[in-house]
């Protein structure tokens, strides 16, 4: 099963990716992890990517697609994979298609912006341990304090409402067009497209996913 995950940051893709990895024994592939691995291993593509990144330049789509193709040709992807964070743009989706990679299923996690802002801006973190709380869904016993040590909890820069809104704006501009792209691909019979309501409880979303995946 070759799957693409679409959805804004905070839409719950990571949680459900974990569920699918365990169910099918397929790896989750994120471009960030791939770049780091290729650079660490000193592969030809890794060297090219590093040179560009060191200059503060964006890695071109062709290079990203080449890295993805390299990664999905590895033995652990024989039964499929989950692509998370790629493709991000229409040119990347086109390049992936042109390179001959057949995607079986595109899953969209649909969550309204205001829900995502509430989810992410409500997070509180105990930095030394990495323990995470949420003011609504998983509050600490004492407001603003870690349950174990009693130390202060912080709001990460990434979780501040203004940062979340910025990330959502980028998502809508760059990645939202992919929803129309893959809906059209599904209508043309080239893939299957399923939308999941990411506001439902985790277990419900997982149960729905299990049905879709058969």
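Just so it is clear, glycine is given a Cβ too, placed from its N, Cα and C backbone atoms.
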Can you match one of 69, 200 to the ATP site that Swiss-Prot gives for 10, 11, 12, 13, 14, 15, 123, 132, 133?
200
Tell me which of 30-59, 90-119 corresponds to the region 'NMP' entry in Swiss-Prot.
30-59
10 Å Cβ neighbour count around residue 86 (AMP binding site)?
21
